[in-house]
Amino acid sequence: MPGGLLLGDEAPNFEANTTIGHIRFHDFLGDSWGILFSHPRDFTPVCTTELGRAAKLAPEFAKRNVKLIALSIDSVEDHFAWSKDINAYNGAAPTEKLPFPIIDDKDRDLAILLGMLDPAEKDEKGMPVTARVVFIFGPDKKLKLSILYPATTGRNFDEILRVVDSLQLTASNPVATPVDWKKGESVMVLPTLPEEEAKQLFPKGVFTKELPSGKKYLRYTPQP
């Protein structure tokens, strides 16, 4: 498909009609981190569970200075009506308000620009719908992570929150997060960091795992 973003690309400063009115994307993001996530259609089962979970986790994203914004090829009017179903699914009052806006991309302009269309999933007119895309942008407006799911597989928003924790931690410290890492657990010191410098940067200690190769690349430290 034409369009699309690669890691490190700056987010296009697009304009869009949303459930909070007309926006410019860079103005919407401000100095925050941002997550732009698309879904195939309003009033569908998997999408309802996804946005319901995103709504429940919205306070956790806000604590991390992350703004959420959703997108689909449905109209703002549909977004408002569907929001009632999402809130009801969450056991809340069936209002039109969600803790994040949803973009109206019924002409598919943004879906094409950002490479979000799923050619395997079509609407009633035979046109491709948006896939389950997740873009995470840093305060510099650059793409830090992208994930693409097919329509049949719902996303894990707890995992997306975990990824945000990793991205924010590693943006300000010379560390990486190992497999299955969770916030508060030990992290790995980057192999490029000299040993003496690592000791100075991480006063809680640097612990090296001995390996048959004799190479000292598995270095752990408590989370800074």
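Glycine is treated like the rest: Cβ placed from N, Cα and C.
Under the heading domain 'Thioredoxin', Swiss-Prot lists 5-169.
Summarising the annotation, Swiss-Prot assigns site 'Important for phospholipase activity' to SER32. For SER32 (site 'Important for phospholipase activity'), the same-chain residues that are 6 or more apart in sequence and have a Cβ closer than 8 Å to its Cβ are ASN65, VAL66, LYS67, PRO139.
Sequence annotations record features per position, and here Swiss-Prot assigns phosphothreonine to THR44 (among others) based on similarity to another entry. Taking all protein chains in view, 16 other C-beta atoms sit within 10 angstroms of the C-beta of THR44 (phosphothreonine). Under the three-state DSSP scheme, THR44 (phosphothreonine) falls in the coil class.
Taken from Swiss-Prot, the feature active site, cysteine sulfenic acid (-SOH) intermediate applies to CYS47, supported by experimental evidence. Contacts of CYS47 (active site, cysteine sulfenic acid (-SOH) intermediate) defined by a Cβ separation under 8 A and a same-chain sequence distance of 6+ are given as HIS39, PRO40, ARG41, SER72, in order along the sequence.
Summarising the annotation, Swiss-Prot assigns N6-acetyllysine to LYS63 (among others) and lists similarity to another entry as the type of evidence. When other Cβ atoms within 10 Å of the Cβ of LYS63 (N6-acetyllysine) are tallied across all protein chains shown, the result is 9.
Cβ neighbour count for TYR89 (phosphotyrosine): 16 (other Cβ atoms within 10 Å of its Cβ, all protein chains included). The feature phosphotyrosine is assigned by Swiss-Prot to TYR89, with similarity to another entry given as support.
Under the heading active site, for phospholipase activity, Swiss-Prot lists ASP140, citing a curator's inference as support. DSSP assigns ASP140 (active site, for phospholipase activity) to coil, not to a helix or a strand.
Taken from Swiss-Prot, the feature phosphothreonine applies to THR177 (among others). Sequence-distant neighbours of THR177 (phosphothreonine) (same chain, 6+ apart, CB under 8 A from its CB) are SER166, LEU169, THR170, VAL187, MET188.
The N6-succinyllysine annotation in Swiss-Prot covers LYS209 and is backed by similarity to another entry. In the three-state DSSP scheme, LYS209 (N6-succinyllysine) is classed as coil.
Positions annotated as N6-acetyllysine by Swiss-Prot: LYS209 (among others). Cβ neighbours of LYS209 (N6-succinyllysine) (same chain, under 8 Å, six or more residues apart in sequence): LEU218, ARG219, TYR220.
TYR89 (phosphotyrosine) has THR44 as its nearest neighbour among the recorded positions THR44, LYS63, ASP140, going by CA to CA distance. With respect to their backbone Cα atoms, LYS63 (N6-acetyllysine) and ASP140 (active site, for phospholipase activity) stand 19 Å from each other. Counting every protein chain shown, the number of other Cβ atoms lying within 10 Å of the Cβ of ASP140 (active site, for phospholipase activity) is 13.
A gap of 34 Å separates the Cα atoms of ASP140 (active site, for phospholipase activity) and THR44 (phosphothreonine).
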